[in-house]
Amino acid sequence: MRKTPSHTEKKMVYSIRSLKNGTGSVLIGASLVLLAMATPTISSDESTPTTNEPNNRNTTTLAQPLTDTAAGSGKNESDISSPGNANASLEKTEEKPAASPADPAPQTGQDRSSEPTTSTSPVTTETKAEEPIEDNYFRIHVKKLPEENKDAQGLWTWDDVEKPSENWPNGALSFKDAKKDDYGYYLDVKLKGEQAKKISFLINNTAGKNLTGDKSVEKLVPKMNEAWLDQDYKVFSYEPQPAGTVRVNYYRTDGNYDKKSLWYWGDVKNPSSAQWPDGTDFTATGKYGRYIDIPLNEAAREFGFLLLDESKQGDDVKIRKENYKFTDLKNHSQIFLKDDDESIYTNPYYVHDIRMTGAQHVGTSSIESSFSTLVGAKKEDILKHSNITNHLGNKVTITDVAIDEAGKKVTYSGDFSDTKHPYTVSYNSDQFTTKTSWRLKDETYSYDGKLGADLKEEGKQVDLTLWSPSADKVSVVVYDKNDPDKVVGTVALEKGERGTWKQTLDSTNKLGITDFTGYYYQYQIERQGKTVLALDPYAKSLAAWNSDDSKIDDAHKVAKAAFVDPAKLGPQDLTYGKIHNFKTREDAVIYEAHVRDFTSDPAIAKDLTKPFGTFEAFIEKLDYLKDLGVTHIQLLPVLSYYFVNELKNHERLSDYASSNSNYNWGYDPQNYFSLTGMYSSDPKNPEKRIAEFKNLINEIHKRGMGAILDVVYNHTAKVDLFEDLEPNYYHFMDADGTPRTSFGGGRLGTTHHMTKRLLIDSIKYLVDTYKVDGFRFDMMGDHDAASIEEAYKAARALNPNLIMLGEGWRTYAGDENMPTKAADQDWMKHTDTVAVFSDDIRNNLKSGYPNEGQPAFITGGKRDVNTIFKNLIAQPTNFEADSPGDVIQYIAAHDNLTLFDIIAQSIKKDPSKAENYAEIHRRLRLGNLMVLTAQGTPFIHSGQEYGRTKQFRDPAYKTPVAEDKVPNKSHLLRDKDGNPFDYPYFIHDSYDSSDAVNKFDWTKATDGKAYPENVKSRDYMKGLIALRQSTDAFRLKSLQDIKDRVHLITVPGQNGVEKEDVVIGYQITAPNGDIYAVFVNADEKAREFNLGTAFAHLRNAEVLADENQAGPVGIANPKGLEWTEKGLKLNALTATVLRVSQNGTSHESTAEEKPDSTPSKPEHQNEASHPAHQDPAPEARPDSTKPDAKVADAENKPSQATADSQAEQPAQEAQASSVKEAVRNESVENSSKENIPATPDKQAELPNTGIKNENKLLFAGISLLALLGLGFLLKNKKEN
């Protein structure tokens, strides 16, 4: 059945409609069309219609990364430039619009539109009526809401508000109730009282998206009661001005503005140029006195000015003799001047710049105070206006001060040896009581002895050590092994050296316990009259944890630790792994998997002998990963995490849900030594999880693979987890000594000695106890580089084959005003130990934060060819990598949409349609090929190999639903016509979703009859991994080696390759002399690659990858490519890998093209079953001596095996030169998960890409039609 007109048909219709002159015109038009058909194309098949026109319509809202980033990744923390708003002791004058300026005769060529706002008489600006702000309320103005439907958006508030928002996301203050003025919407928030200083907020929607990132505003003065968000959601204490304008406000206490003016210069459109001193008058009246609006140049940064009183003469005309200079036009659109004050203020409250903002006791001879700014500060002035007293009120002599202008801090020197009591520091009117800094505790209490609970003597004795230097008393509360809620007894610990507390539990403690194994405990800490129950940070196992009980009482707020001896549990033959095909980090192929996801598919329930979702069940499916060929399995966090009920881990989550699920990725850590009970067959048994995890690692090692643990040291689930142990120490700190937070937990301060020690001790324990083979650091850029490097060295001392990688986003916050080198992407040029993920290759190949879902290289978006090439050779453009092993090459991970889903979103094609489903898989295979043939270390997300999706296939969500019903963390996907997909919701961050969303779909991964495309993609990746491991060509070990051995073929500007394009080709010479070439055509039409003379030797190559399969052996009848006179032509959405062996012959046997419908049956294979050792098959290679020799014949006759398979699956392997032709004959999954029969088009009906020789008849026909048409026209003319 015909669906769309062909290119030829379109031309005929155009001819008919254009000529409109009777039958003769029609005939002439037809002859023109036939003439066009006879004209050959040159470098690409232009006659093939493009099926996916560019469409820039954005139909989705991107989630905030947790990366981004992030991205990556986490929430944005935005610092206010000038918090708050206007309401000082100034007269409250309603703003009215300035009167039109009296226009003098314009000067020739002068742009009057860029003149400052002024007038000849005082006027007021006018705004739409705005309700007065009630006492104890704070008004937040929003220029523009992030989304159109204001009723589905709200203001989520916390900190010094009367009632912090609860019940995410619906507990926010709804914009449904917002008022509107000339600026935009506004909401009033009630504060918790006069002491309120900080208001924090964000705008979210009912789907649970944080649309703006976290924002906060500090009240500069008590009467400050409003703030504004601009269009980018930056917070200001004044109403932001339109872009390209700065408003200069001038307030005079005497109210006399007569002849007061401004003379200005710098980055302004029209600097003052009249006769001196005729400046621009202050005539417009606003909230803060008089003002002048000055148009700015593009990208303006600074401008200078003078305040003038034109009633005076000579130099006295200057109100201040010195020039004013403002250098922050990038961040401020209003400035505030007062009388003859020398300061330029960026807030309407005239708060002096140099203000103390906090004080910390940092050492026995030093106190450090933070300041709003120290620009221009003089040592003698700081000394003169500073004062320090001890807790008795006695003045302490300041012997010296050191000013750190960049860090905005002053260090006072003196005798501050009293470490038990705070000091009071004042500067002018600002006064702060010191907080004990972590630096003072490091100097006084840092400890390197043993910590935690050591079970000894067959369980008869426990040695306890806790570090808590500020505690007044510490006891251990022991709970019954069979009932963790039952207290057996309490034993006091004794104060030890350097802030430690110690005790030995045995038969003398009168607890009545002869064997402490399996009993539980918590620490009870008393400090300054307050008592807390805390979890031992060095606990080796825990009681079954249920976060739902955390609000019952303090005993349930954190988990209870267990007394265990891990050395005696699990397989005693566990040792470090001997990983196949792995010597250096460039050899690794990392596969990321979630323990529960991997076996939660009900389809394999009957095959499992162990409970699904557990370490034990994971073992039963390990052979799949061995068969795939990966070297390392990276497990999402397996250490104890907070928000989960482990007691219900056995319950299946079969219904579709993306919130309120008993499921977690594990990025909310509770402990860094104990495993979670979620993946244990018995969470109530604290020993079993240890034994079972050891067994999993052992089985991974037996199969020649390694295990990498995903660890989350950058933040905790709750700040109190460590603040209760020792306040103001374990976390990075603000300048005033309060802990910094992230995602609701604390940012662990790894520059602090005991925190760094916790991280390194944890890493060493996990390596030594579980024999793991690597670590992936979540948000590694949050850490200092020194700590990560030290952890790496400690781990490698135990396991020399261990590898480390992490998210190197530039997110380091650290301690305020204490910068240090971060463990981020910028660190890569200084280290060859730890690798980072490359967001550059991810974003360029398939899109990512902040433009996820936009077309990229494999989804139809042209990209800079040189940028793509640099990424493929492990030289990303956004950071410097001095070694290929520094770079983790990836296009999918657990965050955001899966690769399959992001492709569907980007190309706007509904996968429920067979041809779309096939096209998505073709693009997916392109991406996988590019990652697995790239230099560096490839990384695969579980299911990426078969096209995993997280589509929300609940029948109630088959079509779009009301906004308040939209699934949490979902994108609604539409096609390019704006029509929603069938089941249009796709979950992008599924950390709170059910098994129905998250499961690894084993049927898709392995059943080739039911899901031929999925299994083809899976087998394609398996072949790519085998190909990668068969040669050093894709695993070069140095940057110099890459420069010498890898060369770009598709040079932009040559042979039809554009600067930005969707094709790439390059050559690699392996260390053994073999030559490999990779060509990728991500275009929607066939493309030809000109080899020229420099790469003519590639005509002798064997094909290792085509559009259907890949591997280390040559393909007998490769599909999707053909040799041409100029070089190589690839079909649309096709890639290939070629090899020219050193001796000019094939390495191994040539593989026959196999039918797509052959089901994949992964088995536990030994080396003998590796494809490289298959029996030789007849080699069929193109004759490269003939210019028109084809690798894939244009007629594309199927092999016998293919022909045999077409009884079940018609029209297999049709060669295509356009996207539609490439995918029209595939069998794919429809919305009911049933197999859709292939489109019954015959291969013979596909258009020919070559030029036939029957053109003589065609030209004869053209001539006849033209003569007939001319006859009709002459007859018509004669009749008229």
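Quick reminder: no glycine exception, Cβ is built from N, Cα and C everywhere.
Here ASP778 (active site, nucleophile) comes close to PRO637, TYR667, ASP710, VAL711, VAL712, TYR713, ASN714, GLY806, GLU807: these same-chain residues lie at least six apart in sequence, with C-beta atoms under 8 angstroms from its C-beta. The active site, nucleophile feature in Swiss-Prot is assigned to ASP778; the stated evidence is experimental evidence.
Classification of SER990 (substrate binding site) by DSSP places it in coil, neither helical nor stranded. Annotation source Swiss-Prot lists substrate binding site at 156-158, TRP168, ASP214, 263-265, TRP276, LYS318, ASN323, 667-668, PHE743, TRP809, ASP839, ARG842, TYR849, ASN896, LYS969, 989-991, citing experimental evidence.
Positions annotated as Ca(2+) 1 binding site by Swiss-Prot, on the basis of experimental evidence: SER661, TYR663, ASP992. The number of other Cβ atoms within 10 Å of the Cβ belonging to TYR663 (Ca(2+) 1 binding site), over all protein chains shown, comes to 25. In the three-state DSSP scheme, TYR663 (Ca(2+) 1 binding site) falls into the coil class.
All protein chains shown were included, and the count of other CB atoms within 10 Å of the CB of ASP882 (Ca(2+) 2 binding site) stands at 14. Annotated Ca(2+) 2 binding site per Swiss-Prot: MET828, THR831, ASP832, ASP882, ASP886, in sequence order, evidence recorded as experimental evidence.
Taken from Swiss-Prot, the feature compositional bias 'Low complexity' applies to 48-61 (among others).
If you look up Swiss-Prot, you'll see 79-90 marked as compositional bias 'Polar residues'.
Per Swiss-Prot, compositional bias 'Low complexity' is recorded for 115-126 (among others).
Taken from Swiss-Prot, the feature compositional bias 'Basic and acidic residues' applies to 1149-1196.
Summarising the annotation, Swiss-Prot assigns compositional bias 'Low complexity' to 1205-1218 (among others).
Look at Swiss-Prot and you will find THR1249 tagged as pentaglycyl murein peptidoglycan amidated threonine.
The region 'Disordered' annotation in Swiss-Prot covers 42-132 (among others).
According to Swiss-Prot, the feature region 'Disordered' maps to 1140-1248 (among others).
Under the heading motif 'LPXTG sorting signal', Swiss-Prot lists 1246-1250.
The signal peptide feature in Swiss-Prot is assigned to 1-44; the stated evidence is sequence analysis.
Each residue in LEU653, ALA657, SER658, SER659, ASN660, ASN662, ASN664, SER990, TYR991, SER993, SER994, ASN998 lies on the same chain as SER661, TYR663, ASP992 and has a C-beta within 8 Å of the C-beta centroid of that Ca(2+) 1 site, without being one of the site residues. Same-chain neighbours of the Ca(2+) 2 site beyond MET828, THR831, ASP832, ASP882, ASP886, judged by a C-beta within 8 angstroms of the site's C-beta center, are, in sequence order, TRP827, LYS829, HIS830, THR833, ALA835, ALA881, SER883, GLY885.
Taking the Cβ of ASP832 (Ca(2+) 2 binding site) as reference, residues of its chain lying under 8 Å away and at least six apart in sequence are, in sequence order, ASP882, SER883, GLY885, ASP886. Most buried of the binding-site residues THR831, ASN896, judged by other Cβ atoms within 10 Å, is ASN896. In this structure, ASP839 (substrate binding site) is part of a helix by DSSP. Around ASP886 (Ca(2+) 2 binding site), a 10 Å sphere centred on its CB holds 30 further CB atoms from the protein chains shown. The number of other CB atoms found within 10 A of the CB of SER990 (substrate binding site), across every protein chain shown, is 26. ASP992 (Ca(2+) 1 binding site) sits 12 Å from ASP668 (substrate binding site), counting Cα to Cα. Same-chain residues at least 6 positions away in sequence with a Cβ under 8 Å from that of ASP668 (substrate binding site) are, in sequence order, TYR641, TYR642, PHE643, VAL712, THR716, ALA717, PHE743, GLY744, GLY745.
Of all the binding-site residues in the list SER661, TYR663, MET828, THR831, the shortest Cα-Cα distance to TYR264 (substrate binding site) is found for MET828.
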